Each structure stands twice: as C-alpha cells, then as structure tokens.
Amino acid sequence: MDIAIQHPWFKRALGPFYPSRLFDQFFGEGLFEYDLLPFLSSTISPYYRQSLFRTVLDSGISEVRSDRDKFVIFLDVKHFSPEDLTVKVQEDFVEIHGKHNERQDDHGYISREFHRRYRLPSNVDQSALSCSLSADGMLTFSGPKVPSGVDAGHSERAIPVSREEKPSSAPSS
C-alpha cells in the first residue's frame, strides 16, 4: 500500500492563521513572537508579509521522496551525533530515534529526544537499506525499490548510521 506524500509547504495554506510551527520539529530552537501572536505582524504594518515558504523549508521538517527506483527520507538532526541516533526497521516501518543526555549550553542545561516512524513502501529492498549523516546534520535514509513480484525481504534489523564529511545537497526543492 503506497501512501501519498504531501510537500511541507502545503501545511501552511492558511498562512499566519495556522500556527503549525509550535508542533514542528525544532530541537531547542526558540519560538518567535509571531509563532505565539500570528496577527501581530499584520497589525503593526499592513504591508509586512513574512515569508511562508522559507521558514517551512528551512525548519527541519522531514521530507520523504518516493520515486520509481528509490525511497529516501531526509531528516534534519543537526543537534545529534551518530551515536545519539538509532535507526531500525520493523516489518514495513522504519523507526528513527534520537536522544542525547542533558548537557550544558549557553542558557543552561538541555536534553533532546525525538522519535519518528515512517511506513516503507512494500517494494523497497530492505536488505539494501542505508543511512548516513552529513556534516551539516542532515540524516539520509534510503533504499532501492525492486520490481513488483520480487521478494523485498522484510525482517527486523538495526541500520547503522554512517558519517559523511561533506554537507548534504538534499531537500532544497
């Protein structure tokens, strides 16, 4: 069963009336004033209009691409190291978990944790799945698709996260 994948900017169809940033994946990054009071910017200056697309695309929201021959997940995990990340496949799902213990930053102590779960298409070759973390903190999980009728090999296993030294060239669509 394939699931339709929606691009993140569709979620902002209602513009400033839709406070979705509060629920997006922002690991330790503060909220802006317009996140709590979306009407404030339009009341101060009726000509001011904040960029809807830039904030959503740069926000750390995951992106899933599924084309004819490949399935790819991009996830911004810039606050986590490969040791903090666990990626495993269970049946038709990939689970990505990140957690780092409490550590000191500029404002005190902080700990972060997230858990994402994605359904894999039925024709993804699970024996050839790979996962890498770029230098700029972009996690890329990918797997080739097999022709229909060929066994894709479903089993439970952990996928190691490899470290890349170059920045990601991923989701800037």
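Yeah, the Cβs are placed from backbone N, Cα and C, and that goes for glycine too.
According to Swiss-Prot, the Zn(2+) 1 binding site annotation covers HIS100, GLU102, on the basis of similarity to another entry. Taken from Swiss-Prot, the feature Zn(2+) 2 binding site covers HIS107. Annotation source Swiss-Prot lists Zn(2+) 3 binding site at HIS154. Marked as domain 'sHSP' by Swiss-Prot: 52-162. The feature N6-acetyllysine is assigned by Swiss-Prot to LYS70, LYS99, with similarity to another entry given as support. Annotation source Swiss-Prot lists region 'Required for complex formation with BFSP1 and BFSP2' at 1-63, citing similarity to another entry. Feature annotation from Swiss-Prot assigns region 'Disordered' to 144-173.
For LYS70 (N6-acetyllysine), the nearest of the binding-site residues HIS100, GLU102, HIS107 in terms of C-alpha separation is HIS100.
With the fewest other Cβ atoms inside 10 Å of its Cβ, the least crowded of the recorded positions LYS70, LYS99, HIS107 in this structure is HIS107. The two recorded residues, LYS99 (N6-acetyllysine) and the residue listed as 'Zn(2+) 2 binding site', have Cα atoms 19 Å apart. With a cut-off of 8 Å between CB atoms and residues at least 6 apart in sequence, the same chain places HIS79, PHE80, SER81, ASP84, SER111, ARG112, GLU113 near HIS100 (Zn(2+) 1 binding site), listed in sequence order. In this structure, the residue listed as 'Zn(2+) 2 binding site' belongs to neither helix nor strand by DSSP; it is coil. The number of other Cβ atoms within 10 Å of the Cβ belonging to GLU102 (Zn(2+) 1 binding site), over all protein chains shown, comes to 9.
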